[in-house]
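Q: Here's the feature list from Swiss-Prot:
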type     : residues  : note
REPEAT   : 195-233   : repeat 'WD 4'
REPEAT   : 280-321   : repeat 'WD 6'
REPEAT   : 323-362   : repeat 'WD 7'
REPEAT   : 406-445   : repeat 'WD 9'
REPEAT   : 561-601   : repeat 'WD 11'
REGION   : 609-629   : region 'Disordered'
COMPBIAS : 615-629   : compositional bias 'Acidic residues'
REPEAT   : 770-811   : repeat 'WD 13'
REPEAT   : 861-900   : repeat 'WD 15'
REGION   : 1274-1299 : region 'Disordered'
COMPBIAS : 1281-1294 : compositional bias 'Acidic residues'
REGION   : 1323-1363 : region 'Disordered'
COMPBIAS : 1326-1337 : compositional bias 'Basic and acidic residues'
REPEAT   : 1420-1471 : repeat 'WD 21'
REPEAT   : 1568-1606 : repeat 'WD 24'
REPEAT   : 1608-1654 : repeat 'WD 25'
REPEAT   : 1699-1739 : repeat 'WD 26'
REPEAT   : 1940-1977 : repeat 'WD 30'
């Protein structure tokens, strides 16, 4: 048997030859101990040059490709490739893991960097988005993540001189990042004119915002901020791969093989050209450089490491060499010396000294080398080449002996015969050639039996035979030297092989897994002396097997280090070492062999620590004679806990099914019943597959679990309390060491752990997100702060939690085999143990990971299955109980001894003060001393010991014990049979609680007149239970077979029981003795019922699809009901005992007449009239409504009707108990729903008086007793469950504002499209007309400076002649006229005691001073702000949070985000990027001000809680499937908040990281209905007020509606505000002003009395969107974009802010001489604004939407163009209409006075411009018009002489017309000579540069040239204002851009004197005034 066990010897990695120089950079450093750290393959190497020693870090599972050194230079971070790559932070001194960072990146980790103090680490992924991620590496926690770039990133670094700043570079880019909150925001480096845009390979940050970077062309680029300021050209002649900053300066290394040293200001110090040194060679390329003091380390592309001493820089010292890039396949060992030979595709053959660990010879060949061999005397070295040739060298001087080329394909293997006469050469073309060595390698034979390429060869010891392996896995033997194939078995038997390197053959069968035919083992080598075999495979693993190894699937020891294919492996000549070589990592590993005899002394080389450890699960180092598993444990390991449907899937399933439901629910659904039930008592305890799940609390109550319920049992009062927070089976339970807190873990797709308080039964924290399928073990740490949990997924994931915060601290894959227990070390909180099938593992925490070591059994025993474990009295000691009844005693990871404790498995053990207690399958509890030497006392659990006070009966003696707990003088015991017993220390046993044993429970019957019930189960027992307060099992009887149904006779004396074998029996109901039994059927008896009245007949239904009817008195079968097509599920009698109703598995509802059983067809109408004795049917019209929407995935299994026929209780497959009104007609009836059972509810029955409902859980084996609570008697305590479907259909009415806000879709700026329906080719893509100069053939710039030709006239008439023209260099936002009230709420607040107000419009936050009207702005948002709130906590004064729209495809800058900022200095304190798609619609601070709540606009309306200062997301959950308008924290809480929205109000609690919600309950008030809720406010004692769409305000106590303030307003209540200082509440609604009413009301704290305020706005309806209360003032924001201050005393209104109500604001005109301007908008108003006074002076209501507006040249008249085609001229002085005219049907787009005031030009969307002569008076007759305009008119400009007009049209064409004739002017030369009065055109060569590259879908919408004629501003569809020089004929001209507007700037103008720019917004209905900053003289 030993042949299949793992060998007991060991390999230890001693040396690695190589360094990874290819595809990596910056991966070589000095540590603080002056050692050198680098990596090769999958191993981190720490090399000490002084001692010439290597240490290895082996925590990675694949190629390492990046490395960073911690600033203190002891810790190293390394990143690897792979599907789930991770980062390890490790100690270079001890080479132990300190932290593991995982679960974020994919593909690989390309770069790493520590920040200045080493607290944070940044990593860059290899995924398509090159994700950048910042970690708090000690905690293993990701702080922030963002997409890095679309192309590869090569280097990243923290700016060591500025906090929270980073720089990254790569393919054609450099990016400067800032980290704020959880947001990483990049700015691209601007190359500008200073240097070419190119790939940057490396960088270093310096002081004063300087960054130095190395470019691909060998230049160094120097950056200041984000701008390139200079380049150092030709620093290297080719790409600069590495840059290293140190105290003295910078070192750079490049592809040119040079190292350059620079001082701190980047002036060159010196250059070292490595190619010119003696070790140098052509093509040497530097990949990594590190400068420390007077030493420089250099790593090259070809895997060399040089050390250079600065003052002897021409003598670099080679400290490491390896093979260069190219696959490495050839390996041979010298037959007599400790030498190894390798040959590679890099064409070099190298000889290594295994003693000195050095390269001693190297020879370059002409071809890639694929195999090598040294002959027996060590003189010749034969090399097989990739091209099929063969070269033989002399070993001593590497001179060539012979070169032969007989083959065209690669030589894969060659070997000299043991006697040295022959050389066998195996080729890719499947032949083997034999050469005679003495005949100068003449070919003497050939073997041709193979059909595939030759892979391995071996000679026999006598050199007469050769064995080969080929690619198809065949093994063939040949006679030598002729090459004849040997087939005779006899001949084969006698062969002895000189070496064994073949992978096929009897001796190596065991190296292959049992059932695989794969070809992934590349090389083996047998060690005959040590009887071990070493193998190398494709997965980077080197394994040791016993040799010979005959049986498949042998056990082994495995060693990792190589990253991918290990191509070859050989023993050294004396078997001291194993040499292995890596194909892709081209490294050579040298392993020391430690034979068995030395192992005894060498315990220190026990299991090696690693994340994927050597002695890993598959290596199963156990002996193969593991005892068979105990039957109980085996049964348990086969449980899967998988569900067809998980509870988490229900919401999605419901949504999918709702589509179908739409049609069905057009009818009104029946209301839910008034009655409720409450869980009262559960008979049952889950012992059959759980252990140690039963505890005493500190007050002596008992806590345990059954089904989905945590139970707290009071043994004095025999009562139970329940924790009902779980929704599926609980599998484990642990109790907190200090408090009465309990942790329970459940089954689920994403299963959760609930930590709850046994006193209040409230959840404290819910942990989820890291396990799958279920949680099988939990344990608290000794200080109670942490919790460990184990999942039941395939790798049994272990998670360590900080449970209060709900944070995952660490996670690791536990084991492939089932884990039964996890225990945390009471002395060291970072250590824990897990135990399970065949293993015991010791773990320690490393950052985000855990590192495990298997318990080391040594010679003491075998790896047994462990069922329980505890820690002892020191941190090293641990004890575990095995499946064979032993207790194992461990010190550290070593097994010290074993003690026999029980017969059969030890299931539970606990440590006491002075000893231990254990319990086992043998039903014995044993007490032990503190060293497990003596057993002090045993207690056997026997019926004889049962004390008189027991609540029930013991089913059998010595039941298997699964849980033990200790109390004062008592031991609490839980058994497999579902019993909980209390053992007194003196011996007597009291039974407290019991339930059925393992097996499904289906049969349930309640007694006709007593409070008792009977159950029968697959556990083969029939039990009678007392439902009265004594709650116990009265009687039990064992049956031969399990049973599925039972029924009491009407007189209660007999009990009929149907069994699973088709028989049934009748028993005496008191004694349970048999009366009579029958066996007429083969299949399960599924239902059994006595006929009502005297009980004359008994109907027996079976799965054979028959119902048999028996006469009870005569004991004869009198009838059979035939005709069912499927098994029978339910039967009911009618009240006369004449008719049977039958349900079948095929969902048929059938009727039979008794006693004969004749089938009857009864129309459904008649069925309702029949009076039934019982109703347990689930089919038929009367109960159509009990089938859920998701009926496809779940069956209703049982129902039962109350005797008053009012309430129908049902049970279903998902574990829900529901109550419906009866009859439940119509589909999908409303119900109340209760969760306690975990899966199928198999039966439900009301007791005889309907006072209780009894329910049975099938697989959870529990019997639950519920008490019924009728509506009237109910105290305020409400016991409806959360999910009950009791919502009403109506939502309280319709309101246009609410509907619009609900349906609005927010586009993000980046996706905005044209606001005008333009068509045609964009200007910058049009074919350009040649200019005058070009037409005349003049080369640009070549005109003579003095010319006879008249000078070209000015393009634009300059108005400020005489002044020096000063260009405008910047715009600063000075005023914003506008407020977003139309679809936001509660977004105007007081600050600074009411001196300032804060609000928002577009994407700016505005701080507005009430007294002066001055404004300051927060402009960091890059898109529209949707919500705003102010932190009320005094510690966070003036802190504001604003949320914006966005698009969350990835967490980039366009993601929706919340900014938290200081309102006074506008500093951003934190940015929270959300995964809410679309935007953030509500924000709220918690009471302490530390937490922030945000609500998303995504379809789930996700609610998220943040710790905003850290940028950490604490919790997140879908809020509701319809729009949530507001969510607010309770003003006194950090954990409670309320959300309101469409037909929804929810009361939330934050528990750890989980959000728990309760729906508002309406059931206590008559006729209350769930309306759409719009606002929320709070009162003391958990009162909540919500404003509704109908104008009512609902008042809630906790989550129950307690009253309604009817018609608080006459329309929707949009806003509510709670004043913290006095508790008064302000409400704002939508209503028409009336004498007594008002749109704003101030209420007392209880909302009983109020005072109304009217807003004197003159509107027909006032619609208030925001209210806030300060000292004696109320601040109101309205839908009409006004902000009004109302005095509380005098009710006086003061309008602070005005704005347009609806946009776009198309019309904009500035006064010719004063700082006034006009705006005209869709809302039908024209408004006059005063910039100096910062306010609106006047407004005119036109009654129609206005599109354009214009001042006359003198400023005395205003022309207004309307959307309906009309235009109006007003006199400015009186605002009287001077004239109006409507000649067009469509909108007027532009209107202009000519500079001489004579003409008015009117441009419309009818592709025309009309001219009117104003001198003819106000009749306004059209004098002519322009024809042939190809599209609608956008803008027009007159020439300075009023004789021409330029027109821009909707097809991107500009035309010039003569005035007033309207004639089209086409002569370009003439056009070029026109001087224009104004320029607002977006078209024309002069403004070609304003069109950007990114305008496929969006346009430049407006432009305006300054009065000085040298500056130009534009507005575009993205909402940007841009400033250019004028003219700008070059494409993509340089400009400055200014953000602030929402998408679409509709118009823009300079004011007189170019003092300001005014811009008008489309979507934001706001006008912005920008101050122009002129360049100084």
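Backbone N, Cα and C define each Cβ position, glycine as well.
Since the structure is predicted, the reported quantities are computational estimates derived from the model, not experimental observations.
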Q: For the repeat 'WD 26' (1699-1739), what are the same-chain contacts with Cβ under 8 Å, counting residues 6+ beyond its ends?
A: 1315, 1374-1375, 1377-1379, 1382, 1401, 1412-1415, 1679-1682, 1745-1751, 1753-1755, 1758, 1760-1761, 1763, 1775, 1789, 1944, 1946-1952, 1955-1956, 1958-1967, 1969
Q: Please determine whether the repeat 'WD 7' (323-362) and the repeat 'WD 11' (561-601) are in contact (criterion: at least three Cβ-Cβ distances under 8 Å, sequence separation 6 or more).
A: yes
Q: Need one number: mean pLDDT over the repeat 'WD 24' (1568-1606).
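A: The answer is 90, the mean pLDDT of the model over that range.
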Q: Under 8 Å between C-beta atoms and at least six residues away from its ends: which parts of the chain pack against the repeat 'WD 9' (406-445)?
A: 329, 370-377, 380, 382, 384-390, 392, 451-459, 461-463, 466, 468, 470, 478, 480-483, 498-499
Q: Short question: which residues 6 or more past the ends of the repeat 'WD 13' (770-811) have a Cβ under 8 Å from it?
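A: Sequence-distant neighbours of the repeat 'WD 13' (770-811): 100, 102-103, 139-141, 640-642, 729, 731-739, 741, 743-753, 755, 764, 817-827, 829, 832, 834, 836, 843, 845-850, 1514-1515, 1551-1554.
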Q: Work out, from DSSP, the number of helix, strand and coil residues along the repeat 'WD 15' (861-900).
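A: Residue counts for the repeat 'WD 15' (861-900) by secondary structure: 0 helix, 25 strand, 15 coil.
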Q: Counting by DSSP, what is the helix, strand and coil composition of the repeat 'WD 7' (323-362)?
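A: Within the repeat 'WD 7' (323-362) the tally stands at 0 helix, 23 strand, 17 coil.
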